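Here the structure comes first, spelled out in structure tokens, and everything after it is commentary.
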Amino acid sequence: MGRSVRMIWLPILLLLLLESGMASDYLMGLGSYDITGPAADVNMMGYANTDQVTSGVHFRLRARAFIVAEPQGKRVLFVNLDACMASQLVTIKVLERLKARYGDLYTGKNVAISGIHTHSGPGGYLQYIVYIVTSLGFVRQSFDALVDGIEQTIIQAHDNIRPGSVYVNKGELLDAGINRSPSAYLNNPAAERNKYKYDVDKEMTLLKFVDNEWGPVGSFNWFATHGTSMGRTNSLISGDNKGAAARFMEDWFDQNNSGSTSSDVSEPNRIPRRVSNIIRIANDNHHELLELAASFESLPGKSTTRFLSLARRVRSVLRQADRPKFVSAFCQTNCGDVSPNVLGAFCIDTGVPCDFNQSTCGGKNELCYGRGPGYPDEFESNRIIGQRQFKKAVELFSAASEKLNGKIDYIHTYVDFSNIEVTIPKEGGGTTTVKTCPAAMGFAFAAGTTDGPGAFDFKQGDNQGNAFWKLVRNVLKTPTKEQVDCQQPKPILLDTGEMKQPYDWAPSILPVQILRIGQMIILSVPGEFTTMAGRRLRDAVKKVLTSGSSKEFGTNVHVVIAGLTNTYSQYVTTYEEYQMQRYEGASTLYGPHTLSAYIQVFQKLATSLVTGKPVEPGPQPPDLLDKQISLLTPVVMDATPIGKQFGDVSADVPKNAAFKRGDNVTVAFWSACPRNDLLTEGTFALVEILRGKDMWEPAYDDDDLCLRFIWSRPSKLSAQSHATIQWIVPQTAAAGVYRIRHFGASKNLLGTIKHFTGTSSAFVVA
């Protein structure tokens, strides 16, 4: 009897042992949510151009998150935002919500919130004055869209936690970024520069997330290039090149939703689309299609519910299959001096290259602009740079084979960067002690860059300043002699670190953080490191982790910088680059030894990560929400001309219209201010395709780069407005009968919000 029992249990025990051997090392979950924000009237964050105000949507912005946890241990949470940068205030409020929902599971120690650095998203969500001057102060709607969206993203990721594995892969991408401040880079020591083949980092590092049951469910990658493919005059909300790359990769995977990555990756010259593969037109006879289209005239605007906008979205969560949604994020790293405008910088008046040292044209910075690969079409440049990142990510994703193994860990502290004593080596041997300074911005900050030139007579490379602007500066705050000496050779234009009225103009207390997933190390930095500054920081941390006293990592450790994370404090250059006082040096807030201070702090954190010894939490940053001032005028009311309704077509497609792929189909509607309802997870614009004789299927929406929602009013104070919807017919569009719809929400004098929709006449794509 005993022998029989043993015989029965033996195969069961063997099966359990095999299953435990194949068991995943980690639990993981991914999530994604809409953070688009107000598509009208709000100044965009990035270029500090007061005329760059949102007036529509190029494509929607999203937050994307991953959680990786040990089954019975620690976890880390990383959130990537289609936003210019993280905000200290947003981070504080998100952490408060996570505390209320999950207790101490997610805290400032193990949560990182990072921005991709698009310059085409709504501003007004940071708490320090210098970053919200052009947005007329704090914009609550921008702030709430981010906080709400991040929270929903994290909830999704948390609810999706399942056993799985994480893989890492790296590869070079050569044609998506150039150095926009080469004269500053050349001031670094020749021996150091000779260690590197390029003057920008060309390496992309990618994580691939594989669910034990479903297979691949996501990817996050880090690559350095600025979010400035869309220029300083663009007014359509856009995730720029990294947001575009994420759209392409998520669509690519869903188009191959078996989870296999064996499909032809050589086709990223063709943007992946799922809809044209799903919908088939039974009868493609051109004459019959024209007759069919003629039977569908434009419909008058009518009242509807908000739900309809959500339900009609192409990627609506209401129509998703019963499997985890694939999430792909293209994260930012040390992009400080890296431009996506890879053709170089040229003078717009003469067409000749700009001055090498100051990026001027005849002494004027306003005429010097970088050119993207699709010049002069910034939309095409954005698509190309996004596509190049997408293509490389697919290659790395498909070939990823190195599995992450080992601890999940994290370490975090707050540091007052306005007065850090830093020990640095002296020439000839020994060490000396230097200090960082209270924040200040130099004259060259106002000159801007070749991605977005400044105004007036400011120039990059200015280490003197001029008397007139110093007088203007002194009206706000005259810097002390100690501050002037500390910031040398930077001539101070704005002494932001010592400006406290009506509240803080710039941060002094910054979060620094390391996240660990096995042999993967993520350095969360609250700013934009230049290429060489990032290299020095990565090397310093890697040296600590792989030193003789640390046998845990050996030599196999992957270190990436997550830029613009948890808060924002502008740029970090090397000491040598700082001396040149180009834009990045003038924007290095805490003086010439800022990078040395970061390296010292991160070396301490890395040492603590290895030894397991805790670090002091440091001084807490301020919560300035109650002090915020907003001067943005609210929406008072919307109106239409007598006899017109919201959603009525004001400019239709021509009768019996037939379009070819590549054509621009344009329709306009009487509309209302998009600030009345952000239509989060919905869409303002929709292209539908006729299936059969009378069933309309969603084909393209706000998430597609080919469809642009452009909002305008005849004058600034007018209550009337138009929504112009442009559809650039993709090469992948199926032949058939189409129509364009608009969704919106109007506000009356009593403040009542009513949703509406409008529909164009049908037309043919042949």
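Each residue, glycine too, has its Cβ placed from N, Cα and C.
Under the heading active site, nucleophile, TrEMBL lists Ser339. Annotation source TrEMBL lists Zn(2+) binding site at His117, His226, Glu528, Tyr571. If you look up TrEMBL, you'll see 602-765 marked as domain 'Neutral/alkaline non-lysosomal ceramidase C-terminal'. The annotation signal peptide is assigned in TrEMBL to 1-23.
Known features from TrEMBL, placed on the structure.
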residue: His117; record: Zn(2+) binding site; Cβ neighbours (10 Å): 27
residue: His226; record: Zn(2+) binding site; Cβ neighbours (10 Å): 29
residue: Ser339; record: active site, nucleophile; Cβ neighbours (10 Å): 24
residue: Glu528; record: Zn(2+) binding site; Cβ neighbours (10 Å): 29
residue: Tyr571; record: Zn(2+) binding site; Cβ neighbours (10 Å): 24
Distance, Ser339 (active site, nucleophile) to Glu528 (Zn(2+) binding site) (CA atoms, angstrom): 13
Cβ-based neighbourhood (8 Å from the centroid) of the Zn(2+) site, residues His117, His226, Glu528, Tyr571 excluded: Gln332, Cys335, Gly336, Val338, Gly527, Gly563, Leu564
Per-region confidence, the domain 'Neutral/alkaline non-lysosomal ceramidase C-terminal' (602-765) (mean pLDDT, whole number): 97
Candidates His117, His226, Tyr571 (binding-site residues) - the one closest to Ser339 (active site, nucleophile) by CA: His226
